[in-house]
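Visitor: Just passing along the structure, written as structure tokens.
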Amino acid sequence: MWSRERWRLLLRLVVAAAAAVIRGLASAPAEAAPLEIGFYRGTCPRAEETVLEEMKLILMEDKTLAPSLLRMHYHDCFVQGCDGSIMLKSRKKKAERDALPNRSMRGYDAIERIKARLETLCPRTVSCADIIALAARDAVFLSHGPRYDVETGRRDGNVSVAEYAENDLAPPDSNIVDVKTFFSVKSLNSKDIAVLFGSYFLSLQPTLMACFLSSPPHILVAFPSRCHSIGTSHCAPIQKRLYNFTGNMDQDPSLDPAYAAKLKKLCPPPRPGDDDGSEGKTTKVPMDPGSGFTFDLSYYRHVLATGGLFQSDGSLLNDPVTRGYVEKVANASSPDEYYHDFAEAMVKMGRTDVLYGDQGEIRPTCGVFVD
Ligand code: HEM
């Protein structure tokens, strides 16, 4: 018997698929996106260099923004395509920013700051969607990840609707069938899913790794005060998995019991009366507690050993292709192949339903009000 929540999720998937078909008619399909590397070489030759310079300053001030900006590119691309619409604001609180999955999103000011510098350099030339894509690339690079070429030439949309974000972004309690459906609607396959989920490698920086090296393998002992995770999640997305997985006050059986016990110490059950889960929205846990292995591949070792933080992470183990990929990367002796796959998957995601040519607009500020 399906729960009401599963029916609701199915409905979201149907809405997401229908919306993608309709929107797909008005924008470029992922395979044929007319983007190019170095699109601004004639119109704003210092654009990419400027983004990198500004990103260095931004991350020097707050390195926790690196994973947030990578996540922003994913949330932008999955909702009406990579069109910068995540930056738009609504006075009525009805824009993408106001949607539940985006309430924990950070980095809007960073994008606006980069945009302001580019506007001084080359007014009305570089789109917000491209700035988000370049900032995500530089966030990865400046966090000791790979540096890849980013295709540019996207233009910005001027529509932003909270409901689209709620329908198009998979919730953290998604199983592998749900995840595959959400991603296939965006022309991303099982391998892309497994690769992109590894973005959580950004959550384990060398400083953080040093903190956890002293911890027993695969186990998060606590969130030591001297440690700063740059990739975090609030407790809310995992409370159901820890305390009420099937509605019978149970724990997800696929979650490693020792890891679950540690998570429970950090994330107590929602208290009676805390109906809006406000506690779960303030407490934070690292996305990837690390294991003493190479920082960049540790996400896969972590998922394999513990079932991951979110149900959607653990779901990678329930499909032959995604499981095969997790096992391959977890056992790899070098990150090179993963880095290559990561670059490929990011470029592919960056082509999702883009606006180009005379579609959309290039506005002087990214975060303008839509109402
Ligand atoms: C089924 C797909 C996915 C689900 C359900 C999911 C869910 C989540 C959730 C619940 C958080 C924590 C938010 C919070 O409470 O603060 C998060 C954080 C994050 N997500 Fe995802 N995500 C998915 C896919 C992706 C993809 C494809 C990427 C990158 C391409 C990504 C990158 C990140 C990063 C880097 C963070 C850390 C953000 C920060 O520290 O500010 N996620 N995700």
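Any Cβ shown, glycine's included, is placed from N, Cα and C.
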Visitor: Mind checking which of Cys44, Cys82 has the disulfide with Cys77 in TrEMBL?
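Guide: Disulfide partner per TrEMBL record: Cys82.
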Visitor: Taking TrEMBL as the reference, Cys44 is linked by a disulphide to which residue in Cys122, Cys128?
Guide: Cys122
Visitor: So among Cys44, Cys77, Cys122, Cys235, Cys366, all listed as disulfide-bonded residues, which is physically nearest to Arg71 (site 'Transition state stabilizer')? Use the C-alpha atoms.
Guide: Cys77
Visitor: Using a 6 Å cut-off on Cβ distance, which of the disulfide-bonded residues Cys44, Cys77, Cys82, Cys122, Cys366 come close to any atom of ligand 1?
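Guide: The ones that qualify number zero, so the answer is none.
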Visitor: Given Cys128 (disulfide bond) and Cys267 (disulfide bond), what distance in Å do their CA atoms have, once rounded to a whole number?
Guide: 36
Visitor: How big is the Cα-to-Cα gap, in Å, between His75 (active site, proton acceptor) and Cys366 (disulfide bond)?
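Guide: On Cα coordinates alone, these residues lie 15 Å apart.
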Visitor: Check the Cα-Cα distances from Cys82 (disulfide bond) to the disulfide-bonded residues Cys44, Cys122, Cys267, Cys366 and tell me which is shortest.
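Guide: If we rank Cys44, Cys122, Cys267, Cys366 by Cα distance to Cys82 (disulfide bond), first place goes to Cys366.
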Visitor: Between Cys235 (disulfide bond) and Cys122 (disulfide bond), how many Å separate their Cα atoms?
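Guide: Between the Cα atoms of Cys235 (disulfide bond) and Cys122 (disulfide bond), the distance comes to 42 Å.
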